[in-house]
Ligand SMILES: *Cc1c(COP(=O)(O)O)cnc(C)c1O
Ligand code: SF4
């Protein structure tokens, strides 16, 4: 059997996926129907990580479209976390008092099959014009309560470094904004884009107090290829604190061993695990969603196995836009006055918990 070739271009059409051996010829028609509903892109870097002999390959499962996406469950919605209802001006989502999302574009290097914004991403018309970006930044500048701007998309690191640098400078010029956070999948999906020029663009100007942070979307330990590790090192060496976001996905990372390997690999690469997201109710994604009880059991397993700095917070973004909340597991049992240890044994804490604080 000949070794499959790795394509040199991003694959976007069902026929290209079939030619690369990523979908069976009999699935081309169904995948064409999927591609008409949701954007498709698979970069050569990700194809190189896929084991095409494994029908359940966890990398392929995240990026190669499947007929399962044609089934929309009744609870799923086009705008699962209410971005659109919380958007006062184009390109801004304002849900919390102290921070906003800024989405300068809706283009990504790859399109994840479980994406919560899948009904909107990939639309070139989603790129803000200069006037729209001005209006979005004017919205931030007019609200002194806003301390943090979170640049997401789409993927903001798809912008040319010069545009990123201009954005950093403009946000840095708004006196009440203290933190500028970028969310990106580029270090995983297209690590060659993380050049020294890009890393430099993500540095604040001398004399500015703006703190820049970067959160990387990573779901499986195999995503941390040599090129991705080099990209993360370049960003960390440029002085950016790195965080990770992982989506808990059935058939991709819903096992304690895989999550353990992932969190350890992140910490080794100077990335602090931040969130483990329960998947949102995006259309055509029910085959990816575990139950919350399964997610909690995985979090318990991690607590028993891993260092505190390797623990993500398991969160749910409440459908409709009520916000993100941690969904456990909890270790304190109020009724029994007991606390559970990392391996699940219960310990009595009644006396200690109810002892009154002595008068001063
Ligand atoms: C997720 C999200 C944020 C960021 O939340 P953090 O908990 O600070 O990471 C901010 N605004 C909106 C609208 C969001 O969806
Ligand atoms: S990189 Fe993020 S925004 Fe883009 S498709 Fe994947 S999950 Fe969606």
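Glycine too: its Cβ is placed from the backbone N, Cα and C atoms.
DSSP assigns residue 112 ([4Fe-4S] cluster binding site) to coil in the three-state reduction, outside any helix or strand. Among the features that TrEMBL reports, [4Fe-4S] cluster binding site is placed at 108, 112, 115.
In the predicted structure, the domain 'Radical SAM core' (94-310) carries a mean pLDDT of 97. Annotation source TrEMBL lists domain 'Radical SAM core' at 94-310.
The feature N6-(pyridoxal phosphate)lysine is assigned by TrEMBL to 324. Counting only same-chain residues at least 6 apart in sequence, those with a Cβ under 8 Å from the Cβ of residue 324 (N6-(pyridoxal phosphate)lysine) are 275, 315, 316, 317, 318. According to DSSP, residue 324 (N6-(pyridoxal phosphate)lysine) sits within a strand segment.
According to TrEMBL, the region 'Disordered' annotation covers 336-360.
Checked against ligand 2, the recorded positions 108, 112, 115, 324 give 108, 112, 115 in sequence order as having a Cβ less than 6 Å away from one of its atoms. Listed in sequence order, the recorded positions among 108, 112, 115, 324 whose CB lies under 6 angstroms from an atom of ligand 1 come out as 324. Long-range Cβ contacts of residue 108 ([4Fe-4S] cluster binding site) within its own chain (separation 6+, distance under 8 Å): 39, 41, 115, 121, 122, 153, 154, 155, 158, 185, 189.
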